[in-house]
Amino acid sequence: DVEPLLGFLSPKSGQENEVDDFPYKGQGELXXGIVEQCCHKPCNIFDLQNYCN
């Protein structure tokens, strides 16, 4: 259950509020790591879980 974790997330961390940094799909996906994805901009719990699996 992710409900208790929602308090730790930024208000902009939901998928509906995401803004793509790269206008062309796939442009930024080649060298994206956890730092680029979750430190330089907010990420959601699902993005974090992808790095733990």
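Backbone N, Cα and C atoms are what each Cβ position is placed from, and that goes for glycine too.
Remember, predicted model here, so these are calculated numbers, not experimental data.
Reduced to three states, the DSSP call for Cys38 (disulfide bond) is helix. Within its own chain, Cys38 (disulfide bond) has Asp47, Leu48 as residues 6 or more apart in sequence whose C-beta sits under 8 angstroms from its own. Residues or ranges marked as disulfide bond by Swiss-Prot: Cys38-Cys43.
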